[in-house]
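The annotation Zn(2+) binding site is assigned in Swiss-Prot to Cys29, Cys32, Cys47, Cys50. Taken from Swiss-Prot, the feature domain 'CoA carboxyltransferase N-terminal' applies to 25-280. Among the features that Swiss-Prot reports, zinc finger is placed at 29-50, with the record citing sequence analysis.
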Amino acid sequence: MLQSRFKMPSHDELVKRMDAIPDHVMRECPICHAKFLSMRLGRDHTCPKCGYGFRILAKRRVKITFDKFTEIDQNITVPDRYTDEKYRAKIAKAKKVTGLNESVLTGIGSLNKQQVAVGIMDPFWIMGSLGSATGEKITRLFELATRKDLPVVMFTSSGGARMQEGIHSLMQMAKVSSAVAEHSAAGLLYIVVLCDPTTGGVTASFAMDGDIILAEPHALVGFAGRRVIEQTIMQTPPKDFQSAETVMKHGFIDQIVKRSDMKKTLTQLLRLHTKENAYG
């Protein structure tokens, strides 16, 4: 009788039970492959085992990083001249998912009463790709920061230039870098935080222009994708050759900072590099 009451379910029954579990209940870390309940991600949305920062919406990053934030240029979006139906459908979906009109959220934030110009790229907005409107928003942010003598903190998370916009997308690399150079010439601080993923034209331009370059643990940082590199050099690169940790070993990143420590670290850096502390 006991055997019948505690009989192991069949394979088919187990599959049915697993299928009944909602997808969002369990998560698997793409880095260490640990499996855990979604609630263990916590407020910062990080792996409880290895500290990998899962990709998050730009608006969520604002909430966990800044004391106050006022958005600017929120109505700038993809120009109407791009009429491809598939592209317009992707734009509509991205707007619905993120609540943003473009792949970057810009504004003025504060950390411990220190004002800072903020740019946050959203990986859920067509992979945070760099389009003409993205470049315009970031350029305006740097121009505003230069006029107001503000430091800039930029969180990059992007698949690179947005190919649907062709040369107009690629032009944004030079356009933004020019605005960064003017900001730097004014003696103002620019901090970059490389998030997963930071690749392509963003890596080749303003993501590596910072005075201080931070990164989140295990973030993918590179230019070309692994398959492109393998086909070009006819070799298999190391598994972690584009991880933030490897990139830091080669001198391109100053420090890797856990997401839970990011607010504190940025606050300290801004305080140390204000003109009063640096020159007063």
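Every residue, even glycine, has its Cβ placed from backbone N, Cα and C.
Structure with Swiss-Prot features highlighted.
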residue	record	Cβ neighbours (10 Å)
Cys29	Zn(2+) binding site	19
Cys32	Zn(2+) binding site	12
Cys47	Zn(2+) binding site	23
Cys50	Zn(2+) binding site	13
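Beyond the ends of the zinc finger (29-50), by six or more residues, the same chain brings 56, 60, 64, 217-218, 258-260 to within a C-beta distance below 8 angstroms of the stretch. Note: the Zn(2+) site is recorded as Cys29, Cys32, Cys47, Cys50; in the same chain, Pro30, Ile31, His33, Ala34, Pro48, Lys49, Gly51, Tyr52, His218 also have Cβ atoms within 8 Å of that site's Cβ centroid.
Helix, strand and coil content of the zinc finger (29-50), in residues and according to DSSP, is 4 helix, 4 strand, 14 coil.
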